[in-house]
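This structure is in structure tokens; I'll ask about it shortly.
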Amino acid sequence: MVRRILYGLAILATLFGVWGIYDRIVSGHQSAAYGSYVVWGLWVALYLFFTGMAAGTFVFATLDYLFRVPIFARTGRLSLFLSLITLGAGLLHIWLDLGHPERVWKAYLQPNFNSVMDQIVWGYTIFGLIILIMLGMSFQPQRYAGWLKALSAIGLFLALFLSGGVGALLGVQAARPFWHVGLFPVQFPFFSLASGAALLLLVYGLFDRAANEHRRSLLRTLAILTLVLQLIKLYFLWADFSQSVYGGMPMNVAAVNEVLFGRYWWAFWILQLFLGSIVPIIILLWPRLATEPPWAALAGFLVLLGFAAARANIVFPALSVPELPQLIGAFHSSRLQFHYFPSLMEWAVSVGISGLAGLIFLVAYDRLPLTPEHVRSA
Amino acid sequence: MAEPSGKHELDRRELLTKLASAVFAGLVAPAVIGEGAAPARAATLPELPQLPPPRPDEDPVVRMMRDLQRALQKPVEQRRWIMVIDLRKCVGCHACTISCVVENKLPPGVVYRPVLEEEIGTYPHVTRRFIPRPCMQCDRPPCVPVCPVNATWKRPDGIVVIDYEQCIGCRYCITACPYGARTFDFGDRYTEGTPRAQAFLVGQEGAAVHETIPMFEYGRPHPRHDEASPVGNTRKCHFCLHRIERGLLPECVVTCIGRATYFGDANDPESLVSELIARPNVMRLKEELGTEPKVYYLL
């Protein structure tokens, strides 16, 4: 029953996305709500979100192939597959966000390696290829054990480098004090790990329903990891915001105020903090709940919801603070606004990409041996 | 009998459209036909405007044109273009903003030189200050190193430019600019959704001509159609590079009604701008960031 509902939702979301992508292709960026001041919108936030999950789930694959952690034995293939899908969803978001998507080849053939963005483009491309190759090899793990180990090591380095790199993408910009924090590249790998753990909780909670001791142990381990990473995330949040407010730099304080008390305060207090952090922490603190598949899935989903809101709360507020205060009224245009809420087309594209990623996962999960039998039902 | 009348209207509309097109085409034809992309080298200078002999009481615009012509005789790497804006003279008329829009055929939402308005004090003890904000043409531009495809760079004469055919539209440079001086061309049009009219310069037939004729940024024609660049690109002020390479001052300088904006070569000690920036009442925006802007304000 749950599977059917998920299939239905994924198909509907994909169809909605077809309209959105059609609009994006035909009308360019004209239906988008972002402008020249809040210049990055929903798609960039979700690019950070999905690629974070990709890096996080890959790290969990290395627990199987590289570190041989018994509890994660033979879970690597599913982790790799999740990593591939989420990476694809993230990259599709950012590709559609480009003004000239057809010129993306220039980032490869005419690169500026001094640009963090170009480093990330190359990094994600290599990362994606490594996932693909490893996924292929994972169907014959005995034969390719050595290769899987070596590629895991390279991929692990890339996953951490790319997570940190995404933090650096924002952090190197001195023009945006809210982003220009030395700890940004340090924080993002933790965020990636946490979202990877949460995605695995969701997937194992929803699909791997066989009641056996191994699965319970897996859920318990993922729950503890998610819990610890959630607490670290909250500490980073506190450190960021308290330093900004105490420091008193106007652009920084304005950005924090925008997150906490601005037009979209609910995205922080309700989505990111209450639903995305406090509720899952309560669930995960309770061992009996944390190892019950539906509750584990709920906790994973809520953590991911919180991370999606957190990504938006990192990207938008920094851009909502004028570089020069008088820019607000200097020249009037709908493209020169300092507030932003995604348009219907933007939502459609994001819902569609998420739906398509979900649909691909559902089909693959049903058709491919992504989880070995001893995990699934032994 | 309705048909002939409708036919007549149609003819008139066609005639007006063709007339409008012809007038605008006539205005831009010299640049389209061959005169287009003259390089910045002193050796290949185009014919420069003739100037009257120097006089002590001459208009600063004439002096700046003389300074400009002198600078153009030098190799490009020996020039250092700067702009000086006297805030005491700026009356906030926005003529510079509008003339820039016209010169570069800027679409809705794209602006190179807005005028920031600041109110100081509380009523009734209030003053207003107007701060025109072109691109600062930073000596250490934060927008340049972030570009993933080298689509933007600082020229030898210090002007930061964009190659529209190279730009992929990622907008990273926009987020990196501390002055909000870069905007994105979304492909919007002023005439979109406006009524059709039979007048010469209003309604889609007339006004759309302005939107379809090419602009000449960077010395070459850029016709505006569909999704072709610069639609989907970042755009910015370039000190009217296409004008200065022909011995003309930037449009915002010549249209300033208060003579509040000055332009010239800072590497020429005889130039007006060199004199102005030697004064003690000079400041630059956000100097603490170390971007070394080349737009100076006189307070």
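Using the three backbone atoms N, Cα and C, a Cβ is placed for every residue, glycine included.
Annotations for this protein, taken from TrEMBL, read as follows:
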TRANSMEM  A:5-22  transmembrane segment
TRANSMEM  A:42-66  transmembrane segment
TRANSMEM  A:78-96  transmembrane segment
TRANSMEM  A:120-139  transmembrane segment
TRANSMEM  A:151-174  transmembrane segment
TRANSMEM  A:186-207  transmembrane segment
TRANSMEM  A:219-238  transmembrane segment
TRANSMEM  A:264-286  transmembrane segment
TRANSMEM  A:298-320  transmembrane segment
TRANSMEM  A:340-365  transmembrane segment
What parts of the chain pack near the transmembrane segment (A:5-22), using Cβ distances under 8 Å and only residues at least 6 beyond its ends?
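The answer is 96, 206, 344-356, 358-359, 362.
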Going through A:151-174, A:186-207, A:219-238, A:298-320 one by one, which has the most CB pairs that fall under 8 Å from the transmembrane segment (A:78-96)?
A:186-207
Grab the same-chain neighbours of the transmembrane segment (A:120-139) for me: Cβ-Cβ under 8 Å, and only residues 6 or more beyond its ends, written as numbers and ranges.
51, 54-55, 58, 61, 65, 76-77, 80-81, 83-84, 87-88, 91, 107-108, 111, 113, 147-148, 151-152, 154-155, 158-159, 161-162, 165-166, 169, 369
